[in-house]
Amino acid sequence: MTTTTPDLTIVRAGTLGYEAAWEEQRRLHESVVADERGDAVLLLEHPSVYTAGKRTEPWDRPMDGTPVIDVDRGGKITWHGPGQLVGYPILRLPNPVDVVAYVRRVEQMLIDVCAEFGLVAGRIEGRSGVWVPADDRGPARKVAAIGIRVARGVTLHGFSLNCDCDLTYYDRIVPCGISDAGVTSLAAELGRPVTVADALPVVERHLPTLIEP
């Protein structure tokens, strides 16, 4: 399903393999760079896959030889798969390009989405993504990851929000290169089912905040 407003086209792509999604990102990116179309966001789920950003160290990777796709985003290694909502915003940033400000907008959008479900989440200084703060259940836990690239003033890659995914996939890696914190999901924190289908309309409502006024 595709939703188009004057400022943004949102494409619900369903379940899409990582390589196919990457091809679609690049196609949209070229069109936005060439001014052939406006900003767009792909929303989807991936079949289970590990992807490694440019700062991934050898010891961050799975020890059991599980395949990893190396990608040109920032950050380190992470997992994508069923039960996780992935968003790839393809947006033209205003000049001068401020990547940090854009990442902060993505973080705030996801913080606001979590709040709608009743989960208090926020930032941790020096770490990207959206976090549930440390409490009596354990150390700080990441509920949403962010990995961005900007090429010719237009964004690529994006964010992933853990809804009700199998968190044991993270046990094989050092997720995002951070060994002293955990990973969580909306369902795990709230103690009730929160599916990708539940999260989709909430995320869609908040996506326009990524476009700088």
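Glycine is treated like the rest: Cβ placed from N, Cα and C.
Keep in mind that this is a model prediction, so the values were computed, not measured.
The domain 'BPL/LPL catalytic' feature in Swiss-Prot is assigned to 35-213; the stated evidence is sequence analysis.
The substrate binding site annotation in Swiss-Prot covers ARG73, GLY74, GLY75, LYS76, ILE77, THR78, TRP79, HIS80, ALA145, ILE146, GLY147, GLY158, PHE159, SER160. Secondary structure at ARG73 (substrate binding site), as computed by DSSP, is coil. Around ARG73 (substrate binding site), the same-chain residues at least 6 positions away in sequence with a Cβ under 8 Å from its Cβ are THR51, GLY53, LYS54, GLY147, ILE148, ARG149, LEU156, HIS157.
The site 'Lowers pKa of active site Cys' annotation in Swiss-Prot covers LYS142 and is backed by sequence analysis. In the three-state DSSP scheme, LYS142 (site 'Lowers pKa of active site Cys') falls into the strand class.
Residues annotated as active site, acyl-thioester intermediate in Swiss-Prot: CYS176.
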LYS142 (site 'Lowers pKa of active site Cys') to PHE159 (substrate binding site) - Cα separation in whole Å: 12
Candidate with sparsest Cβ neighbourhood (10 Å radius) among TRP79, PHE159, the listed binding-site residues: PHE159
Most distant Cα pair in Å, residues ARG73, GLY74, GLY75, LYS76, ILE77, THR78, TRP79, HIS80, ALA145, ILE146, GLY147, GLY158, PHE159, SER160 binding substrate: 16
